[in-house]
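Taken from TrEMBL as is:
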REGION    A:1-20  region 'Disordered'
COMPBIAS  A:1-13  compositional bias 'Polar residues'
TRANSMEM  A:29-53  transmembrane segment
TRANSMEM  A:88-113  transmembrane segment
DOMAIN    A:89-304  domain 'ABC transmembrane type-1'
TRANSMEM  A:125-145  transmembrane segment
TRANSMEM  A:165-186  transmembrane segment
TRANSMEM  A:216-249  transmembrane segment
TRANSMEM  A:286-308  transmembrane segment
Amino acid sequence: MSVPQQRQRTASGTPGFLKRSQPRYGEQAVKVLLVAASLVSVLTTVGIVVALIPPTRDFFAEIGIGEFLTGTEWAALFNPPEFGVLPLVGATLLITLIALVVAVPLGLGAAVYLSEYASPRTRTVFKPVLEVLAGIPTVVYGFFALKAITPFLRDHWWFDEPPQIFNALSAGFVMGIMIIPTIASLSEDAMAAVPRALRDGAFALGSSRMQVSTRVVFPAALSGIVAAVVLGISRAIGETMIVAIAAGLRPNLSWNPLEGMQTMTAFIAAAGIGDVPVGSIGYKTIFAVGSLLFVLTLVMNLISIRLVRKYREVYE
Amino acid sequence: MGAPVVTQDAPALPPPRLKGRGTPLRERFFRLGLWASLAVGVVFLAGLLLYVVVEAWPRLDSRIWSNFPDIIDPTNAGAQSAIMGTLWVIAFTAVYCLPTGILAAIYLEEYADPDRWWNKVIEINIQNLAAVPSIVYGILGLGVISRGLGFGQTVLTASLTLSLLVLPIVIIASREAIRAVPQSIRQASLALGATQWQTIWRQVLPAAVPGMATGSILALSRAIGEAAPLLLLGGLTFITFNPTGIQSEFTVLPIQIFNWISQSRAEFVALASAAIVILLVILLAMNSLAIWLRNRYARRW
């Protein structure tokens, strides 16, 4: 295209030969467009913060931050209102804990199996199952928890007091199944990044496959595995539909998983459905609880991102 | 990796002990435990699908897609407005998030210098956004898009909110697709005198399209199943008409399902299950398309 022109210039010995013949405005315009598209993601974060801060500030102008963080009664949309967030935080933590008890062993077990034991054939069967589990809408998980798991538990309960219709146990269990794919696929990635030489070395020294898995691969992939678990915690804290459907909407500061309780996310959802008037204290609570939720998950996500970076640096 | 050569013609030596003591019991239990942890997921999935289909069976006929929601008469209620709403919202979500996500991915992979602090910020920001709870995007939609920009409870607000929600997924998937194109293709193109954008447009993008399409479809199927952020927009409860435009009010399948779950009468369980089957069929179709695209067009370099 522009080759003959360039030859001419070489012949005439123009000093600017190595520079481009004309400024490429099109190239610059494209670059501006691309940068603008990447800034959308930054603007999203800015938008979230902008959406959260003013109503949260107004909220804390009316309700003391101490009362919010240490109060044990939550009745934000009732009269007289109470704004102690501990019941919501407690419910979130309890359900997250139940989810982790289910998801961490099962997710890690699945990851070790897929990474260290499974034949390629087995992997092609099981990987899609995990993908499908990850793809099921959470409203469906909630439906299953409320209409299938809870009645099953209530019918087959062998202790004295059966679970209530809305309870933390079914919600937490189903949420645990929901985050198995998150934990399994991320930890499997971390284990796959462990160099083969480490495994071969251990096998050569006479280790069994179990010893290689638990004493070589697992510790070597630990930062990635912790990152996966932390991301799972973040998912569990932020999950809304399962808890809104199956754990109930009654704020309840209790460690009994058989009772119904309202999480932070379930409160936000319930207040959103209730269509509270803009500017009311009820409207501002959505944003105050949302800020708390955002900060909690942000901390978890940053820890997880850092840990993933760490194992990438070590092995890649 | 040669196997140890066993010499056959040395009868004088005692036979070498090549067999171990057999797999120890705890090794077997360990393996069984690992296998069982995968099996739990499989059994759960099978149980869930079976339960939903069995519950939905009596209601799984044309009523579900030809009738509108009816809170008084659940036996004749359907989910047409929710199905149409889902299609409208997802179509516009795709229009907003796919170009933005793909352009951002091109910038990050082809132009950005990863050592610059602003590119690091963009990178960490995207990774964090991918894990921000969906209900927080609902707060963004409520506070900024619906009320701040004044778009109201419309298809537009919903699709913008969902676009922002799945944007990180589109970006991450597209970046992987772009990264899979070997560097030598770019170098060859540049060496032949193509500009950077010509290289991207004529060499990199055509090779990356199957991967991007797969990732985009998976991102959109995540958006289809989302209920939490749209719940916050409010007022989506009893919509008995199809959307007529981008400014129209609407409902979507997950929201409609949630409403039916909240009803106590038994007919609504069947109705919710039937709507769930429709939702899962849509998702399954999209996922199959994604897998088919991946297998049909993916190139190995």
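Glycine is no exception: its Cβ is also placed from the backbone N, Cα and C atoms.
Whatever TrEMBL says is automated annotation, not expert-curated.
Counting only same-chain residues 6+ beyond the ends of the transmembrane segment (A:165-186), those with a CB under 8 A from a CB of the stretch are 91, 94-104, 106-108, 110-111, 114, 130-131, 133-134, 136, 138, 141-142, 144-146, 149-150, 153-154, 224, 227-229, 231-232, 235-236, 239, 242-243, 245-250, 256-261, 308. Residues of the same chain lying 6 or more positions beyond the ends of the transmembrane segment (A:29-53) and with a Cβ under 8 Å from any Cβ of it are 287, 290-291, 294. Within its own chain, the transmembrane segment (A:286-308) is flanked in space by residues 48, 51-53, 55-56, 59-60, 63, 68, 85, 88-89, 186, 190, 223-224, 226-228, 230-231, 233-234, 237-238, 264-265, 267-268, 271-272, 276, which lie at least six positions past its ends and keep a Cβ under 8 Å from the stretch.
Within the chain, the transmembrane segment (A:216-249) has long-range Cβ neighbours (under 8 A, six or more residues past its boundaries) at 91-92, 95-96, 99-100, 103-104, 107-108, 111-112, 115-116, 137-139, 141-143, 145-146, 149-150, 164-168, 170-172, 174-175, 178-179, 182-183, 186-187, 189-191, 193-194, 198-199, 202, 207, 260-270, 293, 296-297, 300-301, 303-308, 310-311, 314.
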